[in-house]
Amino acid sequence: MAAVFDLDLETEEGSEGEGEPEFSPADVCPLGELRAAGLETVGHYEEVELTESSVNLGPERIGPHCFELLSVLGKGGYGKVFQVRKVQGTNLGKIYAMKVLRKAKIVCSAKDTAHTRAERNILESVKHPFIVELAYAFQTGGKLYLILECLSGGELFTHLEREGIFLEDTACFYLAEITLALGHLHSHGIIYRDLKPENIMLSSQGHIKLTDFGLCKESIHEGAITHTFCGTIEYMAPEILVRTGHNRAVDWWSLGALMYDMLTGSPPFTAENRKKTMDKIIKGKLVLPPYLTPDARDLAKKFLKRNPTQRIGGGLGDAADVQRHPFFRHINWDDLLARRVDPPFRPSLQSEEDVSQFDARFTRQTPVDSPDDTALSESANQAFLGFTYVAPSVLDSIKEGFSFQPKLRSPRRLNSSPRTPISPLKFSPFEGFRPSPGPPEPMEPSLPPLLPSPPSPPPTSTAPLPIRPPSGTKKSKKGRGRSGR
C-alpha cells in the first residue's frame with residue numbers, strides 16, 4: 001500500500017517481552033462479559049467488527065463535519081474556497097479558509113492533478129512567515145479538502161487595483177517580504193514560477209503571504225534546470241518562452257515584472273494578445289518612466305535582464321544579492337522577517353469573519369458544500385493516496401489539551417484577472433503525495449492523527465454528509481476581490 005499506511009513495528013530483539021507469560025482475552029475479561037459486549041473468541045483470538053467508532057480512537061477525527069461554512073470567498077472550475085469556523089476538537093472556534101476540489105474534475109486533467117499534488121506537498125514541507133500555512137488536508141469519496149489559514153486582507157491584486165500604483169516605499173516593503181519568501185523556497189530547491197499580484201495575499205495585519213503553489217518545480221538546486229512551459233505570460237521570463245531551460249532565476253524576472261507593475265500600473269510587456277506579449281518579452285525594449293528614482297530604475301533593469309546569468313539573484317547569492325541592492329537600503333531584514341516592521345497598509349476589518357476584502361459576487365452567496373456521490377475507480381484514486389495531513393502544531397496542541405482561541409485605474413480588471421496561468425503537463429498522474437516526515441499521518445479519509453490503525457476500506461459511492469450550513473440568517477457583506485486561482 002501507499003506510504004500513508006506504513007506502520008513502524010517493533011523488530012528489535014526482546015521487543016516481544018521475553019519471559020512474560022502469554023495471556024488470552026479470558027484472562028483479562030470473563031468470557032461472558034466478552035460475549036455480552038458483542039465479542040466472540042476463537043481459540044486464543046477474538047473477532048471484532050471494524051467500524052469507524054472502533055478504529056477512530058484518537059482525540060480528534062478531521063473531516064467536513066468539523067467545520068461550519070461562513071462565507072464563499074472564491075469559485076473556479078476546480079471547486080470553491082470557503083471561509084469556515086472549526087466547530088469540533090482542537091482549535092475550536094478558529095477561522096480558516098477551506099479549499100474544496102472535486103476529484104472527478106481533477107483526475108480527468110493532467111495539469112490539474114499535477115497542480116493539486118504540487119500544492120499539497122509544498123504546503124506541507126515549507127514553513128515561512130510569508131507563505132500561507134496548511135492546517136489540515138483530508139478527503140472524502142469525491143472531494144479533496146485543504147484547510148488553510150484565513151488571510152482576511154484579500155489579494156494584493158485588489159489593493160493594487162484600488163490604489164492604481166504604489167509609492168516606492170510601499171512597493172519596497174512588499175517586494176522585500178516577497179524576496180524573503182522566494183529565497184526560502186529556493187533554499188529548499190523550489191522554483192515558484194507563478195508570481196503575480198493575484199497569488200499574493202495579505203494577512204489581517206497587512207503582511208504578504210504567497211499562495212497557490214501548483215506551478216512550482218521541486219528539486220531544482222544549483223546547476224539544475226527544467227524545461228516545462230508554464231506560468232502567467234505577462235510575468236514569465238524569456239527563457240521559459242523560448243524553452244532553452246530555466247532555473248530559479250525566472251522568479252527574479254517575475255519579481256521585476258511585479259515591481260514594474262506596482263510602480264507604473266501594468267507589467268513591463270503587454271499587448272492585445274499572448275503572441276504579441278511573448279514577442280515583446282523576448283525582444284521588446286524596456287521603457288522605464290522618468291519619475292522612478294535611480295535606485296528603482298537600476299533594480300528594475302537588473303531584474304529584467306534577458307540573460308539569466310546576468311540577472312540579479314541569478315547567481316550563487318540568490319536572494320542575498322537582491323537584498324544587498326541599494327533600493328532596499330532602509331530595510332532591516334531581521335525585523336522584517338520577524339514581522340516587526342509596520343506594513344504600509346492594514347486592512348480595515350471589523351472581526352475575524354469580515355470578508356469585505358473579497359469579491360462581493362462571492363461573499364453574498366449562501367455557502368453550500370453540496371454532497372458528492374461520485375465514485376472513482378481504484379486506479380483513479382491512486383492519484384490521491386497520502387493526501388491527508390494534520391499540521392504538527394495541531395498535533396502538539398492535541399497532546400497538550402484543547403485550546404480555545406477564536407482568534408481610478410482602467411488597465412486592470414477587477415472582476416477577474418485577464419492573466420491566466422499556463423500549467424505544466426509533464427508529470428506522472430499516479431505519483432502519490434509525499435508522506436509526512438513527522439508524526440504518523442491519519443488514515444484516509446479522516447482517521448485519528450495520533451494512533452496508528454489498520455487501513456480503512458476504499459471509498460464507496462455513498463455520498464458524504466454535507467458540511468453544516470451557517471446558523472441563522474446570512475448577513476449581506478460588502479466587498480470586492482476576485483475568485484480563486
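Even glycines carry a Cβ here, placed using N, Cα and C.
Cβ neighbour count for ASP194 (active site, proton acceptor): 26 (other Cβ atoms within 10 Å of its Cβ, all protein chains included). According to Swiss-Prot, the active site, proton acceptor annotation covers ASP194.
Sequence annotations record features per position, and here Swiss-Prot assigns ATP binding site to LEU73, GLY74, LYS75, GLY76, GLY77, TYR78, GLY79, LYS80, VAL81, LYS99 based on sequence analysis. GLY79 (ATP binding site) is surrounded by 22 other CB atoms, counting those within 10 A of its CB over all protein chains shown.
Residues annotated as compositional bias 'Acidic residues' in Swiss-Prot: 7-21.
What Swiss-Prot records for 436-469 is compositional bias 'Pro residues'.
The average pLDDT the prediction assigns to the domain 'AGC-kinase C-terminal' (329-399) is 83. Per Swiss-Prot, domain 'AGC-kinase C-terminal' is recorded for 329-399.
The phosphoserine annotation in Swiss-Prot covers SER15 (among others).
For SER417 (among others), the entry in Swiss-Prot reads phosphoserine.
Swiss-Prot lists THR420 with the feature phosphothreonine, giving a large-scale study or a structure entry as the kind of evidence.
According to Swiss-Prot, the phosphoserine annotation covers SER423 (among others).
Summarising the annotation, Swiss-Prot assigns phosphoserine to SER476 (among others).
What Swiss-Prot records for 1-26 (among others) is region 'Disordered'.
Taken from Swiss-Prot, the feature region 'Disordered' applies to 407-485 (among others).
As annotated by Swiss-Prot, motif 'Nuclear localization signal' applies to 474-480, with the evidence given as similarity to another entry.
Here the binding-site residues are LEU73, VAL81, and the one with the most other Cβ atoms within 10 Å of its Cβ is LEU73. Recorded residues LEU73 (ATP binding site) and ASP194 (active site, proton acceptor) have their alpha carbons 21 Å apart, per Cα-Cα distance. A separation of roughly 20 Å, to the nearest angstrom, links the Cα atoms of ASP194 (active site, proton acceptor) and VAL81 (ATP binding site). Taking H, G and I as helix, E and B as strand and the rest as coil, DSSP gives the domain 'AGC-kinase C-terminal' (329-399) the counts 24 helix, 2 strand, 45 coil.
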